[in-house]
Amino acid sequence: MGPLVVPVFLALFAVQLAVETGLLALNLRHVRRERGVPSPLAGQVSDETAARSRAYTLANGRLALVDGLFSAAATLAVLFSGLLPWLDRAVSARLAGPHRFVAYLMLLAMGGAAIALPFSAWRTFVTEARFGFNRTSLATWLGDRARGVALQALIGIPVLYAVYGFMRFAGAHWWLWLFAFLVVVQVLLLWAWPTLIAPLFNRFQPLPEGPLRDRLDALAREAGFANRGLFVMDASRRSGHSNAYFTGIFRPRIVLFDTLVASMSVDEAASVLAHEIGHYRRHHVHRGLALSLAGTLVMLFVLSRIVPWPPLYTAFGFDGPSLHAAVALLSLCGGAFVFWLAPLAAQMSRRHEYEADRYAIALARAPDALASALVRLNGENLSNLHPHPWYSAWHYSHPTLVERLEAIRSQPAPAR
């Protein structure tokens, strides 16, 4: 198998690139050909909104196409230019043991983040600004990037030292011990996110007293949804997009974008909240977390198999096996082996969205308000009205607007 390492990887990488680029190009061609409002949405979406949605989709799609091709080229360059073994020698000349492990992986992570910066800046200051979404100043954008790097270092460096410790000293079953440790880290991050991490980037204020607060509190009580309060996030300081979500573990917070609060009626906002409660009550969050952890366990098992396998290191120019090289190669090459799982994950997510919509109808008893809220969210966010079916099946975590509205209308009238 040794001599086949590179050919097998390149074949899978080429298939991944062809599939993802082909689907994106197919979707762009489909959107260019389709104009106007889809017939099921006639009278609900204006021609102007449809035209802006089409232009926004095309602009984002072209950027994604360039980003994807550039990222693929960068990945191949990193793997086959000799950069990885050169960096290994450079770091090894100065550091050893856990310090070498952490420094090597942090340098690669920072390099990857730096490569992504131009595309992030273009998306924010060109594409989003062109369509009236961007409200982020350059100072805010740079501050967000700086805080992100600081958090990555503050959390990532201690975790990497721990990863090295498990891999080096926990015996043959180190991957199981490391998995248990990462589960604890994940739970701690879920606990810390709403109160310690998210406030570093946005301000969260309790939802003011009034009809909306009363309606949402009543819904949460009726659903038996124990929470730590209703909060409004100052999303409008950075973007014109709208959304709502709950965050945290055990007793999550409910968070509404201030853009959503400003644009929706009480019944519409209540239906959106009922949908989010549906995700929680139907255990979608727990299922997603379980699947994520299962994926982590499989990844760690694979890592444990490749760490002592010399042909892997020879294929990519390393002098011999090392823990940091194994982690780096798995991170860079792993996507080519698992990309085909994307449509399966998307299908499960879409099924969860339908379940949450049904729950929202039963709880809020306002299917028309849910439908109008979805139309409003779609229009305000300029979501694609004409996705190619293959593209949406592979990538979309939510059903298309037409599909969701048809499902809502097919539901029996809720009992009052």
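Every residue, even glycine, has its Cβ placed from backbone N, Cα and C.
Taken straight from TrEMBL:
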type	residues	note
TRANSMEM	6-26	transmembrane segment
DOMAIN	28-203	domain 'CAAX prenyl protease 1 N-terminal'
TRANSMEM	63-84	transmembrane segment
TRANSMEM	104-125	transmembrane segment
TRANSMEM	146-167	transmembrane segment
TRANSMEM	173-193	transmembrane segment
DOMAIN	207-410	domain 'Peptidase M48'
BINDING	HIS275, HIS279, GLU353	Zn(2+) binding site
ACT_SITE	GLU276	active site
TRANSMEM	289-310	transmembrane segment
TRANSMEM	322-342	transmembrane segment
ACT_SITE	ASP357	active site, proton donor
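When each of the binding-site residues HIS275, HIS279 is scored by how many other Cβ atoms sit within 10 Å of its Cβ, HIS279 comes out lowest. Distant neighbours of the transmembrane segment (104-125): 60, 63, 66-67, 70-71, 74, 87-88, 91, 134, 136, 138, 141, 145, 148-149, 152-153, 156-157, 160, 324-325, 327-328, 331; these residues of the same chain sit at least 6 beyond its ends, with a Cβ under 8 Å from one of its Cβ atoms. For GLU276 (active site), the number of other Cβ atoms no farther than 10 Å from its own Cβ, over all displayed protein chains, is 21. Around the Cβ of GLU353 (Zn(2+) binding site), the number of neighbouring Cβ atoms within 10 Å comes to 20. Within the chain carrying the transmembrane segment (173-193), a Cβ under 8 angstroms from the stretch's Cβ atoms is held by residues 155, 159, 162-163, 166-167, 247-250, 289, 292-293, 296-297, 300-301, 303-304, all 6 or more beyond its ends. Within the same chain, residues 61, 64-65, 68-69, 72, 75-76, 315-316, 333, 335-337, 339, 388, 390-391, 394-395 sit at least 6 positions outside the transmembrane segment (6-26) and bring their C-beta atoms closer than 8 Å to a C-beta of that stretch. Residues belonging to the domain 'Peptidase M48' (207-410) score a mean pLDDT of 92 in the model. Shown in sequence order, GLU276, GLY278, HIS284, HIS352, GLU355, ALA356, ASP357, TYR359, ALA360 are the same-chain residues outside HIS275, HIS279, GLU353 whose Cβ sits within 8 Å of the Cβ centre of the Zn(2+) site. Long-range C-beta contacts of ASP357 (active site, proton donor), restricted to its own chain and to partners at least six residues apart, with a cutoff below 8 Å, comprise HIS275, GLY278, LEU370, ARG404, ALA407, ILE408. Only residues 6 or more beyond the boundaries of the transmembrane segment (289-310), in the same chain, are considered here, and those with a CB under 8 A from a CB of the stretch are 2, 167, 174-176, 178-179, 182-183, 186, 320-321, 323, 326-327, 329-330, 334, 345, 348. On a Cα basis, the residue listed as 'active site' lies 9 Å away from GLU353 (Zn(2+) binding site).
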